[in-house]
Amino acid sequence: MSEKYVFSEKHPGPLVVEGKLTDAERMKTESNFLRGTIAEDLNDGLTGGFKGDNFLLIRFHGMYQQDDRDIRAERAEQKLEPRHAMLLRCRLPGGVMTPQQWLRIDKFAGENTIYGSIRITNRQTFQYHGILKSNVKPVHQMLNSIGLDALATANDMNRNVLCTSNPIESELHQQAYEWAKTISEHLLPRTRAYAEIWMDQEKVATTDEEPILGSTYLPRKFKTTVVVPPQNDVDLHANDLNFVAIADNGRLVGFNVLVGGGLSIAHGDKETYPRTASELGYISIEHTLAIAEAVVTTQRDWGNRTNRKNAKTKYTLERVGVDNFKQEVEARAGVKFEAVRPYEFTERGDRIGWVKGIDNKWHLTLFIENGRILDYPGRPLKTGLAEIAKIHKGDFRLTANQNLIVAGVPARSKAKIDALAREHGLIDDSVSEQRKNSMACVSFPTCPLAMAEAERFLPEFVTKVEGIMQQHGVGDEHIVLRVTGCPNGCGRSMLAEIGLVGKAMGRYNLHLGGNREGTRIPRMYRENINETEILAEIDRLVGLWAQDRLQNEGFGDFVIRTNIIRPVLDPARDFYD
């Protein structure tokens, strides 16, 4: 079951919102193309953090300043500042890296971060948590030495470009991946600030220009995907700009373009809402960059710079109308959209385990719970991946489900890699389908926005859900379950069959009614309830689903069909009904 979203064409709003600009716009204007005084701040040893505008400017360089919230109160009692440390997120379009790159990334995590871990994110890249100020410059230089960077992985730019992790159809995946890289490069900022600050490159006497992003960059974050049906592993409806691959005899010929998805909301603010992306039409492959640029520049010029909570592309589309936005994109690109070509999504989970590609090479998708790579007692995952990287000749591919694919394994190496993976706990045949299809954002202790636990809450919570599933005779099946520690949506709960959104410590809003394909937004079913209440609801509803579902009917479709909850059809207008 997949409802058709209806977007009203009654859009009285202006193309450009007038009014006082947010302070973020002042900060960008005065930053000298994202330089600020970051270089000087690096030399200030009196604080472990960045001061003033630099606190926000470092985000354009791929970093967030955080502190350990588990010890924040204790340090305050001791009259100490919070233990500031940076999160750094790598730019890795399509999630592909070499084993040699992985070994350097692994080494830095072990030697130069507080937590010693690598976190695979659902933005198909990795991030470090706990980088002290003294290690900030070295991490950028390390990434540069292996051909990577952290530019534009945060703040008001086009973020890391996602691409379907499809190891089966190798040729089609490769074409999609090349486009993900090309789009990422095309939409990067042109400022030399990153190279000057982190790579010590000399300042040149030329004026910086940003022909695509503009001198004040975008009004808000902007996310892009390249997706190969029938897999929707990238969760395209969480993204501003999506290129849905259309193939002919296994060759990529063009894309359906969908614009304006996004999941972030603010508790208590009904002017914010999640939204699925709208179809603009089909383009042939040679128009890809022109359309990408036109969508970005239209959002650059029409996006709301007076209110950051209403600044994303989804709100621009609702204000000006999809047709007006589409016509502007066509005019800027010099390209007319054709009618959308047929496509269908059937799943979005990863194929865990070994699969054979059409090129006769093998691909091993490893389930990494929460994407957290660390040596756990009895499960030395981090060591195991390093051992595999030492002998593997293909790629490592990170997925948007926070897993890792050891890709391109020749038949002669399969047994050795399988043995290493099992020896280090990277393959566990007992992992349930439910656990494989559950996901959480990071939340506590490092995220400053966290309201409730997510990553640390999920494993034990899933164990309890597994027990409920077993009790009702559906233990071999799964419900797409997502937990996010606040309403910003990083855990993508707003595209789950069961979505938990953090409200306060130990309390969540319970959303129901998304679907397995990730094309429907779930509606809030219960507000501000604790784990015991959540599990009681899941127990009751899973019991009904197990007893009364149709053949192959997913949980989310069941609760809609049986009127347990109404579907969200026009999120801007009926999400809060």
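From the backbone N, Cα and C atoms, a Cβ is placed for every residue, glycine too.
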Looking at Swiss-Prot, which one out of C163, C441 binds [4Fe-4S] cluster in the same site as C447, C486, C490?
C441
Can you give me the same-chain residues 6 or more apart in sequence from C441 ([4Fe-4S] cluster binding site) with a CB-CB distance under 8 Å?
N122, C447, A454, E455, V483, T484, G485, C490, G491
Would you list the other residues of this chain near [4Fe-4S] cluster - those whose C-beta lies within 8 angstroms of the C-beta centroid of C441, C447, C486, C490 - in sequence order?
V442, S443, L449, A450, A454, T484, G485, N488, G489, G491, G502
For C486 ([4Fe-4S] cluster binding site), what residues in its own chain, 6 or more apart in sequence, show a Cβ-Cβ distance under 8 Å?
S443, C447, L449, A450, M451, A452, V501, G502
What number of additional C-beta atoms lies within 10 angstroms of the C-beta atom of C490 ([4Fe-4S] cluster binding site)?
22
